[in-house]
Every structure is written in structure tokens, then in C-alpha cells.
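Per Swiss-Prot, the features are as follows:
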type	residues	note
CARBOHYD	Asn55	N-linked glycosylation site
CARBOHYD	Asn89	N-linked glycosylation site
CARBOHYD	Asn102	N-linked glycosylation site
CARBOHYD	Asn134	N-linked glycosylation site
CARBOHYD	Asn207	N-linked glycosylation site
REPEAT	103-129	repeat 'LRR 1'
REPEAT	131-151	repeat 'LRR 2'
REPEAT	152-174	repeat 'LRR 3'
REPEAT	175-200	repeat 'LRR 4'
SIGNAL	1-31	signal peptide
TOPO_DOM	250-279	topological domain 'Cytoplasmic'
TRANSMEM	229-249	transmembrane segment
Amino acid sequence: MPVNHRFTFSYRLLFLIFLLSFETAQRLVTGDPNDEACLTNLRQSLEDPANNLRNWTKSFFINPCSGFSSYLHGVICNNGRIYKLSLTNLSLRGSISPFLSNCTNLQSLDLSSNQISGEIPPQLQFFVNLAVLNLSSNRLSGQISPQIALCAYLNVIDLHDNQLSGQIPFQFGLLARLTAFDVSNNKLSGQIPSNLAMRNGNLPRFNASSFIGNKKLFGYPLEEMKNKGLSIMAIVGIGLGSGIASLVISFTGVCIWLKITEKKMEEEEGKISHSMPVY
């Protein structure tokens, strides 16, 4: 019996389309397991006294995304995957779970203006697509992991107003796309990496405001700001010194004038007494 090759090809094509459709439908129902693990672990590591994450439940973690939207507060999706987490100013406490890195498609992470403590997990290095990292205004401590610089697409690193210590990793200066950098008001020490402070013409790559508030941090552009401060103090000192010197000279002049005047008056009195007739 002759085989109808056209029929066989059509059958195989339909079967392939069915499999792809079934797989897509299954993903839409269950979501991505990496995103589910990411959200589950992050929720377990955070405390939510204001109950802002009340809909962060397991039933939603199974399928957090519906195309480009999500029912979860602070979660933004793109093509069925989480690509942005924005949980800013929600009074959150706790720590950042290292398993947050399971959100492998994440491009923006903003946990700013909370009360999150602990260290910044080095596992954030696995966010290969991450462009924005904002963990500012929290209570994060410990050293900044240089491994975060493995996120080659980073263009924003904002860690200001925390309790971070140690040195600024020089690897951050190797991030070619980095356009915004702020580690001010921490407990950082050591010299500012030259590749973060290098000049672009007459301007530094990042100015002093990116580094201020770290008492043991030094180097350009902080040194220039300190020198300007010293110059102002010197000017004030010179002004005060000049004023005091002028007062001393004036006072001395008055004293000398009074002394001379007193002596002249005594001489005049003597002359008058000699010229008066004796009766």
C-alpha cells in the first residue's frame, strides 16, 4: 500500500503544533518554577508588619505572571517572566534571600526605603540581565560583594543610607554601562577606586555626593571637596586673625595716646604752678 507522504508530513506538523500549544498552556497555568522559588523564598525572608504583601501567597506564586501583568504587589512581568521587583517604602523588615537569584530574568530590583537588614547576598551575581539595583535607605550591613560586578548590564547601583562597611570593590569601575552610583552615608573605608573616580574631561565619573558620609573613605573626588573646605576655613581664620590683630593695634594706639596726653597735662600743670606768684 503506497504511503501518502503529504499526509504523514501534515500529521507530524499538527502533532508538533499540539505539543507546543500544550507546553505553552501548561506554562501559563503553572508559571516558571524559578520565579515561583524566587518569590517563595523572598516572602519567607521578609517581615511585613504593614501587611502590604497580603496577596503574596503560594497560590499566586505558582503562576505569578499572566503575560505582561501580575496580581502580586510590586511584581512586573514581561512575556510570562518576572522582570521587575519594586517593593519600595513598604516598611519591610527581615533580610534579602539568596534564593532571590532564582528570578533569572530580573532586570530591575528596588527594595529601597525599608528596614531590611543583613548582608547583600553575593548570589545576586546570577542576575545576568540586571540593569537597576536599588537597595538604598535600609539597614544593610557587611561588605559589598565584588561578585555583584558580574552583572555586566548594571547601569544603576544605589546603596546609600545603609550600614555597609569595608572597601568599595574596584570591579564596579569596570562596569561600562554604569551611569548612576551612590554609596553615600555608610561605614565604608579605604580609598575610592580610581576607575570610579577617573575624570571625564574636567569632571569626575561620579562626584563627591556619591561617596560623602563615609568617615574613613578617602581619595578623589572627596579630597578635592575637603581641600575646598579647608580653604574656606583658612579664609575664615585669616579674617578672624586680621580682626583680632586690628583690635590689638587699635587698643595699643589708644593706650599710647592716653599716656602721652597724661604726660603733657602733667607738664602743663607744672608750668602753671611755677608761673603763679607767691603771696
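Quick reminder: no glycine exception, Cβ is built from N, Cα and C everywhere.
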Using C-alpha positions only, work out which of the glycosylation sites Asn89, Asn102, Asn207 is nearest to Asn134 (N-linked glycosylation site). Asn89
So, in DSSP terms, is Asn134 (N-linked glycosylation site) helix, strand, or coil? strand
Candidates Asn55, Asn89, Asn102 (glycosylation sites); nearest Cα to Asn207 (N-linked glycosylation site) turns out to be Asn89
Under 8 Å between C-beta atoms and at least six apart in sequence, can you list the same-chain neighbours of Asn89 (N-linked glycosylation site), or say none if there are none? Ser112, Ser113, Asn114
Taking only the CA atoms, the spacing between Asn102 (N-linked glycosylation site) and Asn55 (N-linked glycosylation site), expressed in whole angstrom, is 20
Take the repeat 'LRR 4' (175-200) and count its residues per DSSP category (helix H/G/I, strand E/B, coil), listing them in that order. 4 helix, 10 strand, 12 coil
Chain-internal residues near Asn55 (N-linked glycosylation site), provided their CB is under 8 angstroms and they sit 6+ positions away: Tyr71, Leu72, His73
Same-chain residues at least 6 beyond the ends of the repeat 'LRR 3' (152-174) with a Cβ under 8 Å from one of its Cβ atoms are 107, 112, 120, 128-146, 180-196, 198, 205, 213, 217
Can you break down the repeat 'LRR 1' (103-129) into helix, strand and coil residue counts using DSSP? 5 helix, 5 strand, 17 coil
Counting every protein chain present, what is the number of Cβ atoms, excluding its own, within 10 Å of the Cβ of Asn207 (N-linked glycosylation site)? 14
At a 10 Å cut-off from the C-beta of Asn134 (N-linked glycosylation site), count the other C-beta atoms across all protein chains. 20
For the repeat 'LRR 1' (103-129), mean pLDDT (0 to 100): 97
